[in-house]
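Chemist: One structure, pasted below without further comment.
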Amino acid sequence: IGMAVECKDGYLVGADGCKYGCFTRPGHFCASECSLLKGKDGYCYAWLACYCYNLPDSVPVWDSATNRCGKGK
C-alpha cells in the first residue's frame with residue numbers, strides 16, 4: 001500500500017508574515033532552517049529570503065495573494 005505525501009516549495013515566513021531574511025546570515029542558514037521544518041533543501045534566493053524545497057504541506061510559505069508582511073496583525 002502506497003502513501004502519498006504532499007510537498008511544496010516556497011519562501012519561509014515568520015509569525016509576522018514576512019519572508020525569512022538571509023542577507024546577513026551564514027551560508028548554511030536557509031538549508032538548516034528548511035531541514036528543521038522537514039524540507040529537503042534550501043538556499044538564500046536573490047530576493048534575500050530563504051527558499052525551501054519539498055516542505056511538508058503543513059508548513060506555511062509566502063504567497064503574494066495572502067501576504068500580510070508589513071500590514072500589522
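Here the Cβ of each residue, glycine as well, is placed from N, Cα and C on the backbone.
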Chemist: So Cys50 is in a disulfide according to Swiss-Prot. Which of these is its partner: Cys30, Cys34, Cys69?
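Modeler: Here Swiss-Prot pairs Cys50 in a disulfide with Cys30.
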Chemist: Can you give me the Cα-Cα distance between Cys30 (disulfide bond) and Cys44 (disulfide bond) in Å, rounded to a whole number?
Modeler: 6
Chemist: If I take the alpha carbons of Lys71 (lysine amide) and Cys34 (disulfide bond), what is the distance between them in whole Å?
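Modeler: One finds 25 Å between the Cα atoms of these residues.
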Chemist: So of Cys18, Cys34, Cys44, which of the disulfide-bonded residues has the fewest other Cβ atoms within 10 Å around its own Cβ?
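Modeler: Among the disulfide-bonded residues Cys18, Cys34, Cys44, the sparsest Cβ neighbourhood within 10 Å belongs to Cys18.
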Chemist: Could you find out if DSSP has Cys34 (disulfide bond) as helix, strand or coil?
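Modeler: Once the DSSP labels are grouped into three classes, Cys34 (disulfide bond) ends up as helix.
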Chemist: What does the structure give for the C-alpha distance between Cys18 (disulfide bond) and Cys50 (disulfide bond)? Integer Å is fine.
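Modeler: With distance taken Cα to Cα, Cys50 (disulfide bond) is 11 Å from Cys18 (disulfide bond).
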